[in-house]
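S.K.: The structure is given below, and queries will be raised subsequently.
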């Protein structure tokens, strides 16, 4: 309890501090009101000049603190003149919390959009760009259009970054003082910027300050979603079909175990025996069978943990993911690690080819790259530990402008779902008779449709808002607070949209929110409740539960069922028990804890690739931004030669076989016969290096003489292609390592430590391969020039669920590389995808 008291006291102290700062802002109201419009814009210019004259970010931060009261007061005056709205003291407090890099928790209807204008304006003055991030393009467009009036009045520019924009339009949007965008588009633009070949193809500036609307949705609910830019991999889909056939043959408990609490499924020993017989294996868990085990486990998940119309829907032969937090389908998105293909096999639709990852990043790692990160939402306090541990953000609960008048009634618990739904319908009919608007919240599409059928039988007119008819969302939400309105919504009672009460509804008790089941996250329940009682309106909320609900089943409702039976309670009699409500909340906390642990575990694994990604992207950017790459190329060639001598020339042996070393030199650096054994025989390693290096230098200068004006361009192209090719292969290898690493725990090994160690070794090997590739292609290519060849564009790699059109840019002439020698480990030119030595070079 001491810890909780500290949190509560801490919030009170913070509110007191913010309140004092807000008073300073309000005290400047009169001073600002006498300024002309032009004088207001001149103030903005003066702030900008003062800040932008200082290049040191920490010194800029001090200036921002000094000018905060005046800048916030200026925005208040601007809002008054442009919108005829003056931000309340609580909105100023919320704005200061956001400026401090924290999360401002503000209830629904408290005006988060207007709150964000003050810290956005203040931080945009530094000229480094502020990103205002929303969950979808509709909100980004509407907010940017609305708020641009205010920012333009104050003298700042506003950009809107959409998926459909060209490269030039995107760059323009990012160069504005304030940029509105979705989280997806930002992540993909970052990845694409790190796949370009020329600096002028980049669209983003360095990541400075981001304000995330609905921050819990993006940083918690979407944290595990990787953004992936991918190309198609040439892998057969037949194993998905075989694994699906196998999974459907299995019997629960005999062949596999399903854990309700963790939603995990795994084969029993008997199931493993069946797998060995079907796939003709000696030992299913042998490491060489990782691919088969992975496909079997994926088929088990698809068949026994994911439900159609709950986790996904099938529309026109396509599997669409349903977002469990919003109830919306997510067209274009696919489950990763082969799970989407496994569901396609399960549903008998066409199995799409697996894709090969070219670049990827999680939201956790993307957003941690900003110098400063802040957010706002109506529900964040339950996840404060995660925000603090992973993002170093504190949650500040901002008081409401008017007292909350919503009545949150105790849960009603029934024995069966039938009893629960009958009671829900009776409650709806009763309230509907007097005209009170009702919002019914469900956790699944099928539940919303079941309740809809029950209400139709009772003659109650209503709207259904779920993944199947989400296109009417704005229209349905806009009328949900009108007299007599009944709305059934699946986890999606419109984040970012307010339900406003119609005329005469206040007298009827306001909006009644009825939850038909507890969600596994308390935040989603709080969001549903928060639809009612906005800005001091009257309202009420109540949850109806049954012992057959998924959350209750997962966390043991047998004891309660027996207790209710002993009390002689029938299906129509609910209990209203604080003990049961506490048990439900305890179950939710356990699920939230499990989910937090899973996100932390993913972050630990992702940390390995994050560090490697930073090295590779840093190397690429250095190549792109430097005038010449010759120094780097020569360093790579020398390093490759030095390694080869250390490996092949063992000075401790009496007789050294120089043939393997000469073969390597001919394969990578020089042509056949250019190095003879008698030139290096009997020499020490240093002398051998000098002898061979002299010949390599000559070959390098000869290549340079072929295209003196374009040799820099040639080197840059070879470097980027070598890095990109090896990096995409490395991502694929790391993905395979990660999928199979859990098997190590059976051998009493630490999977994470093994992943870190082996990932490090794989990265070192990749860097060696890059240096060898660069050496070979620089020294052994026949070079001609073709002015008509266009640059490689990042758009060649199609985003997994987002892609952007590139602008039409003037193309620099590029060298054409014709390799006159095929190494044994090179891809075979016949196009089989195999190595040359395993194909035509046998």
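One-based numbering along the chain as shown.
From the backbone N, Cα and C atoms, a Cβ is placed for every residue, glycine too.
Found this in Swiss-Prot, in case it helps:
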BINDING   91, 109, 110, 111, 112, 113, 498  ATP binding site
BINDING   828, 830, 839, 840  Zn(2+) binding site
COMPBIAS  798-824  compositional bias 'Basic and acidic residues'
REGION    798-827  region 'Disordered'
S.K.: Within 8 Å of the centroid of the Cβ atoms of 91, 109, 110, 111, 112, 113, 498, which other residues of that chain place their own Cβ, given that this set defines the recorded ATP site?
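M.R.: Apart from the listed residues, the neighbours are 106, 108, 114, 115.
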S.K.: Among 91, 109, 110, 111, 112, 113, 498, which the record lists as binding ATP, how far apart in Å are the two most distant Cα atoms?
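M.R.: Per the listed residues, the maximum Cα distance equals 17 Å.
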S.K.: Counting all other Cβ atoms within 10 Å across every protein chain shown, which of the binding-site residues 110, 498 scores highest?
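M.R.: Top count of Cβ atoms within 10 Å goes to 110.
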S.K.: Please work out which residue of 91, 113 has the most C-beta neighbours within 10 angstroms of its C-beta, and give that one of the binding-site residues.
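M.R.: Selected residue: 91.
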